[in-house]
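Trainee: Please find one structure pasted underneath; my questions will follow.
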Ligand code: NAI
Ligand code: NA
């Protein structure tokens, strides 16, 4: 089968197995090139198939030689349809891990559900005994609550009196336009916190701990974002920011519960990157295309794998201890938030138009990263060649 990108709105309906595999191999090679990390040996990654979660799994396995259990929600291939990219990423990861003699098993299903949590608990009990690190990296537009059965949908809206109005770009066409988003009501805020806040993270840790699956000094980390002034009203001070506040507060609550095993929970604030989750957020793609341009010029640009390798090597498993900000958060968004970078982005923001953006911003880099998420436009792949489907994920339980 010859597979091409098929776009609908902000999503791509197809994914290329060979391109996804190459992306995974590139990430593995990057981690290996940076040398060994004296890190965790048994790792559970919730949200392990794409973005920061996949990069965390690769860093654990190929940086520290860890056995990994991955949880994700991905579509297998079906007649006439490719799998979702996370399916191919996981097939490739597990293939590479097995070839390297590393334990890698996965559970595909709804991580918010009691059933999937139980499946993961049974797997860890049977195969690994205990876990040293739990990475929580879910990004989802909705959550069916495991106790009430209610479906919560998250929204991206400002909070308060004012409608948010600012520039945005359609990164497929390059058209810069103005977007206006009316403020959320109380129910929308609560729903967004229910989906992207820390409740489910807390539930995972409670259940793992009750089953005695957390090793002494186990740590857990979840990912957050802060970002610049231009996105603040719609992001950090909006509904999703409220959820991130809740996630960050949950870290302290989890740490309290892990005191008896000397365990600890952290939130790491990561850099803005092109992922399926972030591409759907208005305003962010324009910000990212300006940010990429400046960070690439300065030589400080990183992708998910560079971020996660640095998180493990220089923060979580650093010999010097785990550095945090005054609110207890790990910061690997430090290079993004550098004042010189932010001043330059703010200046470019003011002058960004459809005409200027291709030169003052890295729109081409954005588009390429977006296509790469689906395994397209990856160096070294011949897209005119017939592709064998990767149907099986070797470690899928
Ligand atoms: P992503 O969309 O690449 O990854 C999401 C993962 O969650 C995938 O593995 C997917 O299969 C899994 N997933 C989604 N719903 C699920 C469900 N119901 N059950 C099981 N698995 C499910 O997202 P990304 O960007 O890596 O986000 C991960 C975390 O990092 C999020 O908390 C996000 O807010 C945060 N973050 C993202 C930034 C960005 O710019 N992309 C910046 C800083 C933080
Ligand atoms: Na992820």
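From the backbone N, Cα and C atoms, a Cβ is placed for every residue, glycine too.
Under the heading domain 'Trans-2-enoyl-CoA reductase-like NAD(P)H binding', TrEMBL lists 2-77. Under the heading NAD(+) binding site, TrEMBL lists 47-52, 73-74, 110-111, 138-139, 244, 273-275. What TrEMBL records for 74 is site 'Plays an important role in discriminating NADH against NADPH'. Summarising the annotation, TrEMBL assigns domain 'Trans-2-enoyl-CoA reductase catalytic' to 81-317. Under the heading substrate binding site, TrEMBL lists 225. Residues annotated as active site, proton donor in TrEMBL: 235. The feature domain 'Enoyl reductase FAD binding' is assigned by TrEMBL to 324-386.
Can you tell me where each of these features sits in this structure?
Mentor: Counting residue by residue with DSSP, the domain 'Trans-2-enoyl-CoA reductase-like NAD(P)H binding' (2-77) contains 31 helix, 15 strand, 30 coil.
Listed in sequence order, 285, 288, 366, 369, 370, 373 are the same-chain residues at least 6 apart in sequence whose CB falls under 8 Å from the CB of residue 274 (NAD(+) binding site).
Cβ neighbours of residue 74 (site 'Plays an important role in discriminating NADH against NADPH') (same chain, under 8 Å, six or more residues apart in sequence): 49, 83, 84, 86, 87, 90, 108.
The domain 'Trans-2-enoyl-CoA reductase catalytic' (81-317) scores a mean pLDDT of 96 in the predicted structure.
DSSP assigns residue 225 (substrate binding site) to coil in the three-state reduction, outside any helix or strand.
In the three-state DSSP scheme, residue 235 (active site, proton donor) falls into the coil class.
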Trainee: For residue 47 (NAD(+) binding site), which residues in the same chain are close in space, meaning a Cβ under 8 Å from its Cβ, but six or more apart along the sequence?
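Mentor: Listed in sequence order, they are 53, 71, 72, 111, 135, 136, 137, 138, 139.
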Trainee: If the criterion is a C-beta within less than 6 angstroms of any ligand 2 atom, which of the recorded positions 49, 138, 225, 235, 244 pass it? List them in sequence order.
Mentor: none
Trainee: Please list the recorded positions from 47, 49, 235, 244, 274 whose Cβ falls under 6 Å of any atom in ligand 1.
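Mentor: Listed by sequence, the hits are 47, 49.
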Trainee: In whole Å, note down how far the CA of residue 225 (substrate binding site) lies from the CA of residue 51 (NAD(+) binding site).
Mentor: 14
Trainee: If you count the other Cβ atoms within 10 Å of each Cβ, which of the recorded positions 73, 225, 235 comes out on top?
Mentor: 235
